[in-house]
Amino acid sequence: MESLLNQLPIGLSIGAVLLLIALGLTFTFGQMGVINMAHGEFIMAGAYTAYMLQDWAGAQAAAVALPVAFALAGTMGWVLERTAIRHFYGRPLDTLLLTWGVSLVLQQAARDLFGAPNVQVVAPSWLNGGVTIGGGTLPYNRLFIMALAIACVAGIWAYQNRSAQGRRMRAVMQNRELAACSGVATARVDQLTFFIGSGLAGVAGVALTLIGPVGPSIGTYYIVDAFLVVVAGGLGQLRGAVIAALALGMLNSFAEFWTNASLAKVIVFAAIIVFLQFRPQGMFVLRSRALT
Amino acid sequence: MSERVRGYALFATVALLLLVVAPLALPAFRLDELAKYLCLAIAALGIGLAWGQGGMLTLGQGVFFGLGGYAMGMYLKLHDAGGDLPDFMVWSGVERLPALWQPFGNPVVALAAVVLVPVAVAVLLGALVFRRRVRGAYFAILSQALAAAFVILLVGQQGLTGGTNGLTNFYDFFGRDPEAESTQRTMYFVVAGVLGVLYLLARQLVGSRFGRLLVAVRDGEDRVRFLGYDPALVKTVTFAISAGMAGLAGALFVPVVGIISPSLLGVVPSLELVVAVAVGGRYALAGAILGAVVMNYAKTSFSEEWAGGWLYLQGALFILVMTLAPKGAVGLYQQARDALARRRGASAAAVEKPGVAVKEEVPA
């Protein structure tokens, strides 16, 4: 029973990582219908930002890197949106293939710039150690990631619901044409959304450096699971993403506990298929009268 | 020349090239490589059917390819072992033949499983997913997740599947040495023949009433439903056919290349197949085949020269194709032909072919 309880914090922290990654996706996918396979490479960019800043900021690199990574990944996303993706609206499946091409190029660029082997980012010393809860230890770095996820969710929530720009964003998400008719500059909203969504990937990348090594293909490990979070949570739904990420993290860690790592993935996949039988559009659905 | 006659003439030319010219002109090593590309082209043909005609972007064809390949590989392994345990099971400390493996000792069962297992998996997934009207990007993501889970499962179950190494070291392929030049040559003809037959069958299907319905489902699923058809059924059947093709491709791949392993089946190889179809031209079945052969040939020759360069080139090519020529090489060819015809003063109406719908997918 005790070891079963140990799975709880592990599941929570897997969920927090997934949530950080899926937050950005749920915007770009939910609002713009863009399936951004290069999201994983924005994560990588964030992670390498922390690595590069080590020379300058030393052990505090991870903390310093958060805003830098947000800006860098966000800018990369913005450039991608401006140069390519904006020609693809209404063709979601094509954006998937397009951004996959981008992701290939970025991965190879990272391999050429930083080398193929993994690199290590030293976590700040104040993240060493952990708190002991009921027999299990919860490391500070995992706690930090959870706190970061909570902060990001709160920030996004406030942005969406309390700012004029966020209101426009929700308007575009709910009905693009009507928003445009009402004078919302949808193209500008799209740019900003893509910037924020990609920036969040950068933040997630910094968080990942705290729990593992950084490599050119770091993004590919997480991207599929993150997309599943979006699918299960519902497009563009903040609460859906939160619940789905935590549920998937939990399911993952408990399935791994009861069976093994390789079967756990299959169980998670089967669970999502079963879940979609009941809620084919994900947990929360944006009600609309539009057909298809 | 009418469109029909021209089509047959083209098919005959390609068949002549593949069946007569290539075996005479190419050294054994290159012919073997071509056989490998043609295997992948069979899987690509299935993607062309499901994605190009049916609008189902399946990013998990590697799973079906793998199921077919492993079915074949398991039979060959058991046959080589001759009643004992296959070598890799001994190495990983398995003591009794797992129940999953037992039916595959029989060649008839194994060969049937090559097609039937992928079809069964596709029917199950299709029935569950398409019935609930999960489509478009959702389906693409689910199929990709399936590929990811499948590979993790294969790698994890070392004793059952050979883990990362997969199944390899086959010594006897239906009484022949799989490495021998003559066997490789025969296999080439078998693969080319299977591809040709499947292509003709797929064309027949696309031209049939069912094919029309499939394109209609792609372009307006709800309208088809309102007309009283069942889009889920149409999609499930098509998805199953494409899975069966991938399974067959995987099974042929095993004797041609001599290995089936998880690294050939995961998210990236599955995506690469889709990429090839897109580059060749997704709306034409021939485009899928062309794309698979050309892209894999380019991959091999570039990787021999400069490994990293291929990834840049592939990525760049892909970005360019998606932005400038979403209909791929076949689309470019058609555009050029139509432009030429127009310049010659042919009426635009004669050039415009009715029935060849190349409409973009309706956004979700």
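Keep in mind that glycine also has a Cβ here, set from the backbone N, Cα and C atoms.
Matching A:100-122, A:192-214 against TrEMBL, the residues noted as transmembrane segment span A:192-214. By the Cβ criterion (under 8 Å, sequence separation of 6 or more), the transmembrane segment (A:192-214) is not in contact with the transmembrane segment (A:257-278), since fewer than 3 such pairs are found. Counting residues 6+ beyond its ends, the transmembrane segment (A:226-251) has Cβ neighbours under 8 Å at 7-8, 11-19, 21-23, 25-27, 29-31, 35, 39, 153, 156-157, 160, 173, 267-269, 271-272, 275-276, 279, 281-286 in the same chain.
Remote same-chain partners of the transmembrane segment (A:6-27), defined as residues 6 or more beyond its termini with a Cβ less than 8 Å from a stretch Cβ, comprise 36, 39, 42-43, 133, 135-136, 138, 142, 145-146, 148-149, 152-153, 156, 193, 196-201, 203-204, 207-208, 211, 222-223, 225-227, 229-230, 233, 235-238, 240-242, 244-254, 257.
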